[in-house]
Amino acid sequence: MEKLMIGGGRPLQGVVTISGAKNSAIALIPAAILAESEVVLDNLPSLSDVAVYSEILEELGANVTWSGSQMRIDPSRIVSIPMPNGPVKKLRASYYMMGALLGRFKEATIGLPGGCNFEPRPIDQHIKGFEALGATVTNEHGSIHLYAKELRGAKIYLDVSSVGATINIMLAASRAKGSTIIENAAKEPEIIDVATLLNSMGAVIKGAGTETIRIEGVTEMHGCRHSIIPDRIQAGTYMIAAAATRGNVLIDNVIPKHLEALTAKLLEMGVRIEELDESIRVIGQAKYENADVKALIYPGFPTDLQSPMTSMLTQAEGVSVLSDFVYSNRFKHVPELVRMGAKIRVEGRSAIIEGSKLNAAKVKAADLRAGAALVIAGLTVEEGITEVTGVEYIDRGYDNLVSNLRHLGADVWRESEQIEE
Ligand SMILES: CC(=O)N[C@H]1[C@@H](OP(=O)(O)OP(=O)(O)OC[C@H]2O[C@@H](n3ccc(=O)[nH]c3=O)[C@H](O)[C@@H]2O)O[C@H](CO)[C@@H](O)[C@@H]1O
Ligand SMILES: C=C(OP(=O)(O)O)C(=O)O
């Protein structure tokens, strides 16, 4: 079993360069299925989710070459074989196989997705979208089977602005006959990134990034080259880590606009922030004000930074309230932070956080961002070593975490623990 060992008490100092966005990458890779020739993705993050996706595409018959931050995908020999189990169960975003295979082959069988299950994560809006496009969707022993004689454009109003459903509908509708309109679409930057790739592949998508997206179906799509946007959640995690350790860090290769909700909240707490064109400098301070944070859909404060922000708020004076309006039960990090001395109680969809010093402890990450929260908490501890297990979750979303943190002066390393039979 792998664990992260963290000797805290050192302010982070220096420069960290952010890689491409996980939540873009794991939609862009399956999007390549829709092309008839090679798709080249640059600025790809080196994450376990990306490795799993490349395995999935290879199983379907694609030729995938992944070298450094570039992936070349030749989808010309792909076939839509059923994938009820195996790698599709290892990540959440395997649901994009449904939209991509349905778009290209009009048929797919994909096991229900895995990933971070901090609470039930339904896919009813994805299914509603596929059905509106003319597909028959059945759940066969935990696998979703999709079939359409022909996909036809439709007007689809999403009950919730779901990122996954918006992208999945864009994938399938790109190869449908006629026009599709998605109303109440999600507006996250990753949706614009996927639409940009699809348009470069020959799709006709307008309005991505707004609540109304129009897609004109096309009969053929081709290869292209695309550079993935920077990971705003990774960037935000380093911003919080810099502030929480009272450090001074330049976070490079970011789109500052994507981080406005976090920047505004950190400024409100008293953190000094300098925004440049493609980087953000975070200068920590000795004291922070308490703050109330509401996690909402984009452009609101991202739910994926809610757990890291909980650790930051333990460093503020007074009482803060952090509520999650996207995932009301996303608080698996809280009992672990409490083991580290944090004074937090959960009431409904809110965590009430009283500022306090944290101490070293053995803690377990139950999901990806809970892991990030525990790492940040460990970095603030003044004495002793914090041990974080559940590293496999952290590896889903943070590439080079240990080397990046060490480069910033942190005392962090990875250890393997032998489990006795
Ligand atoms: C791979 C990926 O990009 N993951 C991100 C994506 O997840 P994901 O796309 O799964 O999240 P959604 O945007 O779909 O979920 C938003 C909300 O809608 C609800 N919902 C969603 C779909 C559905 O069919 N029915 C339904 O009720 C969810 O329970 C949740 O309350 O957006 C989330 C919200 O920003 C992020 O936390 C995840 O990091
Ligand atoms: C919840 C997340 O990812 P996924 O949807 O892939 O589980 C995340 O990135 O925080």
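Backbone N, Cα and C atoms are what each Cβ position is placed from, and that goes for glycine too.
Here TrEMBL has R121, P122, I123, D124, Q125, D304, V326 binding UDP-N-acetyl-alpha-D-glucosamine, and the candidate from R77, R92, R152, R272 in that same listed site is R92. Ranking the binding-site residues D124, D304 by the number of CB atoms within 10 A of their own CB puts D304 at the top. Taking K22, R121, P122, Q125 as the candidate binding-site residues, the subset whose CB lies under 6 angstroms from any atom of ligand 1 consists of R121, P122, Q125. In this structure the alpha carbons, written CA, of V326 (UDP-N-acetyl-alpha-D-glucosamine binding site) and C116 (2-(S-cysteinyl)pyruvic acid O-phosphothioketal) are 14 Å apart.
In this entry, UDP-N-acetyl-alpha-D-glucosamine is bound by R92, R121, P122, I123, D124, Q125, D304, V326, whose most widely separated C-alpha atoms sit 21 angstrom apart. A C-beta separation below 8 Å, combined with a sequence spacing of at least six in one chain, links I123 (UDP-N-acetyl-alpha-D-glucosamine binding site) to Y95, L112, P113, I144, G164, A165.
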